[in-house]
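These notes concern the structure reproduced below.
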Amino acid sequence: MITIEQLLDILKKDHNFREVLDADGYHYHYQGFSFERLSYDSRQVDGKTLFFAKGATFKADYLKEAITNGLQLYISEVDYELGIPVVLVTDIKKAMSLIAMVFYGNPQEKLKLLAFTGTKGKTTAAYFAYHMLKESYKPAMFSTMNTTLDGKTFFKSQLTTPESLDLFAMMAECVTNGMTHLIMEVSSQAYLVDRVYGLTFDVGVFLNISPDHIGPIEHPTFEDYFYHKRLLMENSRAVVINSGMDHFSFLADQVADQEHVFYGPLSDNQITTSQAFSFEAKGQLAGHYDIQLIGHFNQENAMAAGLACLRLGASLADIQKGIAKTRVPGRMEVLTMTNHAKVFVDYAHNGDSLEKLLSVVEEHQTGKLMLILGAPGNKGESRRADFGRVIHQHPNLTVILTADDPNFEDPEDISKEIASHIARPVEIISDREQAIQKAMSLCQGAKDAVIIAGKGADAYQIVKGQQVAYAGDLAIARHYL
């Protein structure tokens, strides 16, 4: 429960309070209200709900519906003049985060918080950290792929970083379940829209940066994207940073006065020997590590997670065991066909991650290589040119372009846009299952491979704003082995 007095105190301390408006005019102080629930969904309110009117598409009609369901007061940046009191604020998203934090009993103070950011690798690194910490502690995890609040049951995540009301409710459930640590992926969008406003992480990890999520509904420029990624560093007590990433010198200067540790080529924490399924490291994680996920970049993700977990109480033995146990749904999953050709299923969904995926496969498979690829509709439009550029640099690839969450766009138009950046012929098969079947039918022997990129473990396609059932790349590939 939270009272109106507590609520106003939170807003005033954050300089986010304008006034309370009701039929009698303006009020600096207010009383007589207490709330047992928080909501930003007008369909889920009653007389004891504190409702947040948020979003560029919010309509007064939503509020009218809530009032008919008993709503007595709401928080907003706008007075909709509907006859009930309104708490007016300058920034509704910041208000949501700080109020939710207090309403749910400040769960962030009862958990050790570890956050990963980066253009790619967040989910893999989060899974590594989860398995490392699980050796001696009780970690919960919020990731793009799956969320667990109790370490036993997993459910599909809706957002990389949940909305603040959901985030703190879930954190409180983690505390109730006896969890000791929480591992999170923190997206640039989470900072852009203040989902984690007011939250300080025990350790923040910056894996890498490359142009992505740049478009009309995301970040307008790379500078804006990079700035919002860096906010995790400002909001972490200690940081772990990849010294091999672009703009590392800037980040090193930024965190000079913070507790920090670097890994990669310009640091003392490096991988000294790398094999397909093992590596040796020097520095704080010196030792031998077995790993199921192939690729040097996955070994670096394991290093990043290990350095973070070392600070959070994990032993080197915990880290070694955790790395050896980690598998990630939809990340570098490998199947073998009856003719011994390989099928690689991976979530690679931007130019940089596609380049790394192709390089790893080419290292191990020297025959005919088939790539299945698409790009999402109505977001990250810059990826299409990036995909074309990467494919152009791998002339031995046979390419089939297909649907990948086309949303409100025509998947064939998206494929044609990607193809316009490739200087050789490619095939377009918009039905993703047919594209996979065709590619697999072209494999003849153990040196050949099909690379299915983009959707990973997703069992849906986003079409016209809705999630439409889709068997999933892995399930389809298994069917045609």
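Backbone N, Cα and C define each Cβ position, glycine as well.
There are 24 other Cβ atoms within 10 Å of the Cβ belonging to K122 (ATP binding site). Residues or ranges marked as ATP binding site by Swiss-Prot: G118, T119, K120, G121, K122, T123, T124.
As annotated by Swiss-Prot, N6-carboxylysine applies to K229, with the evidence given as sequence analysis. Spatially close to K229 (N6-carboxylysine) yet at least six residues away along the chain are T117, G118, S188, Y191, F206, I209, judged by Cβ distances under 8 angstroms.
Feature annotation from Swiss-Prot assigns motif 'L-lysine recognition motif' to 404-407. In this model, the motif 'L-lysine recognition motif' (404-407) carries an average pLDDT of 97.
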On a simple 10 Å Cβ count over all chains shown, which one of the binding-site residues T119, T123 is most densely packed? T123
Fewest-neighbour residue among binding-site residues, criterion Cβ within 10 Å, set G118, G121: G118
Counting all other Cβ atoms within 10 Å across every protein chain shown, which of the binding-site residues K120, T124 scores highest? T124
Can you give me the residues near the recorded ATP site, meaning same chain, not G118, T119, K120, G121, K122, T123, T124 themselves, Cβ no more than 8 Å from the center of the site's Cβ atoms? F116, A125, E185, L207, N208, N301, S353
Composition by DSSP (helix, strand, coil) of residues within the motif 'L-lysine recognition motif' (404-407): 0 helix, 1 strand, 3 coil
